[in-house]
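Taken straight from TrEMBL:
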type	residues	note
DOMAIN	31-113	domain 'Inhibitor I9'
DOMAIN	146-626	domain 'Peptidase S8/S53'
ACT_SITE	D155	active site, charge relay system
ACT_SITE	H228	active site, charge relay system
ACT_SITE	S567	active site, charge relay system
DOMAIN	673-772	domain 'Subtilisin-like protease fibronectin type-III'
Amino acid sequence: MKNHHIIVFFFSLFLIMRLGSFVSCTEETKVYIVYLGEHNGDKSLKEIEDHHCSFLHSVKGTTSKEDVRASVLVHSYKNVINGFSAVLTPQEADMISGMEGVVSVFHSDPYEIRPHTTRSWDFVSLLEGTSLLNSREKLLQNASYGKDIIVGVMDSGVWPESLSFNDEGMEPVPKSWKGICQEGVAFNASHCNRKLIGARYYLKGYEAAAGPLNETRDFRSPRDVDGHGTHTAGTVGGRRVANASAIGGFAKGIASGGAPNVRLAIYKVCWPVPDQSLAEGNACATDDILAAFDDAIADGVHVLSISLGSLPQSTYYTENAIAIGSLHAVKKNIVVACSAGNDGPTPSTVGNVAPWVITVGASSIDRVFSSPIMLGNGMTVEGQTVTPIRRRRLHPLVYAGDVEIRGTTASNTSGTCLPGTLSRHLVRGKVVLCLNNVREASMEVKRAGGVAAILGNSFNEIQVTPFLDPTTVVFSYSLATILTYIRTEKNPMATLVPGNTLIGTKPAPVMASFTSKGPNVIDPNILKPDITAPGFNILAAWSEASSPLKMPEDRRVVKYNMQSGTSMSCPHVSAVIALLKSIHPDWSSAAVRSALMTTSTINNVVGRPIKNATGGDANPFEYGSGHFRPSRAVDPGLIYDATYTDYLLYLCSQNISLDSSFSCPEKVPTASNLNYPSLAIANMRGSIRTVTRVVTNVGKDNSTYVLGVRSPPGYVVDIVPKSLHFSKLGEKHSFNITIIRAQSNVERRNEFSFGWYTWSDGVHVVRSPIAVSSA
């Protein structure tokens, strides 16, 4: 599953670099980022770089400044972010960390941050409610389809020839745009247009750490060889393209981004991992990402869509490029949306947890790709596939565990169709039932001479894959039915039925099994993720330099491809952010987040609670505030606003300072007091805790909002006052939320309980989730 997304993991990379006479060839060197905060605007670009080089010259001793600039300096951030990256020994990095003006020094690991990887927009409209079935088109019209909004996409590049990026009928590029169309291999200025208004690529950090780019595997340019970046860009702002479909004609319809007329700016920061296939993911160097942030802010983007991330570490706020870069972006009122990660369903895996970014989980839509299995006894078993299958006659059916080469599997791997485990003699000409749903299982059945594969799936949804050979996937209960048939039938037989696209399946949405979950491991007093959106089996534009499987064995070329991951849900939200920014250009980043969160829903299309992948009721650690409802977010009634200063105050609660111009007060507000649209109180000590929130009226004049509360089990929530009256737009009111632990709550200690509170004026319902745990 994680081969489909951009996920981040941590491990040390030690590289021996040759730096001539500067560093001994046996001395360990790495790329380090030296973060200095923000520029104050009093230096020229040359003066900035000279200042950065002075740090390096001071630790390199006899090395000249010119040699430092040529051989040691990697990036010099000159626009908004103040800092640089360079090739240093750990001792040199430690020396610089103690110098005046240095906020932090940290290793730029190219393998830390990686990618988290049609019908979805129609499905989103269903969740708006019956009175808003045409809501999407009305929203697009009110926002002028996002035509004046610039969305920056940080990813693996773009395939500019895709019809999703044509600029037919679009107006001239906004005058506010200050970016460039950076030329490179197979990419020139003509590939930018009024849709793709800018493109850059960042390779210095990657090459300094991992060595020269293998140019047989990727383009030294903004061109996308992977497909992930093209897919996310198309999901945000792809034009409407008729008769688009995945390979085999699945999901055929009009492919469209969420904001078809937004302008796209591409920032390519991800590259192939050396000696690994594209299916195993990309590498995105931390210092390259920070350079992309620095350029994007200066270029004039309004929204940043970032489907990249990592499992947060304890140094998250001071050493994570996305956290640091996005804080600078939000200061300039750029809204940043990030994927939550694909490490679910394990708890405490949610990434991109900074309170100034919008963190997006992934859920399904109401579309499946039905491909039943016909058994020899006449029974039909439900299955799903997007693999083209021709109707065949019945073939002998076997269970993989019965046809393995002796000694190639253990008790816990038998039946899983691992590579090299199936006997050609026993499999040839047969349909094989495997216990797990991975592409390697289908390929192993083909290698052993099987005619088709049936793969088992353990969750309540099926992530489809365009396999190379006839394959369908079944739920666990169907797998058990087939296995029983094999065990009880003397000559079991089966055939796969060609798949069809079915729309309107219920219940939907369902939380994806892979979506990363809370609680927030860095600070559980900030509830993450914030929201969920479609990220399961999503069709969008694809790179024609890649194949549907991104594996060497797959030589197919497609224009559109199906992908799953929070990488896919994030651009859905980014698109709606662009539309909201078009309608409300004066709204802050926090206001946009608040509008999305407080108007979301925790119910599916049949009005019941959203389920998780195992069939239970999902909770805020999976969906945040709920599934977004774009048209309702246009008019949220009330918003929870926050400023850059509020975020610095929040960092004070974490004993962190990222801005030397700001001093923490003697009495620092607790993290739970950040004016956030959700409320989390972790490890509550004592029996009572009070926090404050402030709401701003953006609905209508002379309105009164009445309180509604559902207390988390084991607690009582008391909010004062019980009603809020607003005489005009822009008016603010504060209220206190007191959490009281019940005497009978001993057994719930260290466990989170969930509830919610609402403010309603009869038209708007402003809903906030509550998560509480006791020490």
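Glycine too: its Cβ is placed from the backbone N, Cα and C atoms.
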Message: For the domain 'Inhibitor I9' (31-113), how many residues does DSSP put in helix, in strand and in coil?
response: 31 helix, 26 strand, 26 coil
- prompt: Could you tell me the C-alpha distance between D155 (active site, charge relay system) and H228 (active site, charge relay system) in angstrom, no decimals?
  reply: 7
Query: How many whole Å apart are the CA atoms of H228 (active site, charge relay system) and S567 (active site, charge relay system)?
result: 8
Query: Including all protein chains shown, what's the count of other C-beta atoms within 10 A of the C-beta of D155 (active site, charge relay system)?
result: 31
Message: With every protein chain in view, what's the tally of Cβ atoms within 10 Å of the Cβ of H228 (active site, charge relay system), excluding that atom itself?
response: 33
Statement: Students should find that the Cβ of S567 (active site, charge relay system) has, within 10 Å, a number of other Cβ atoms equal to 33
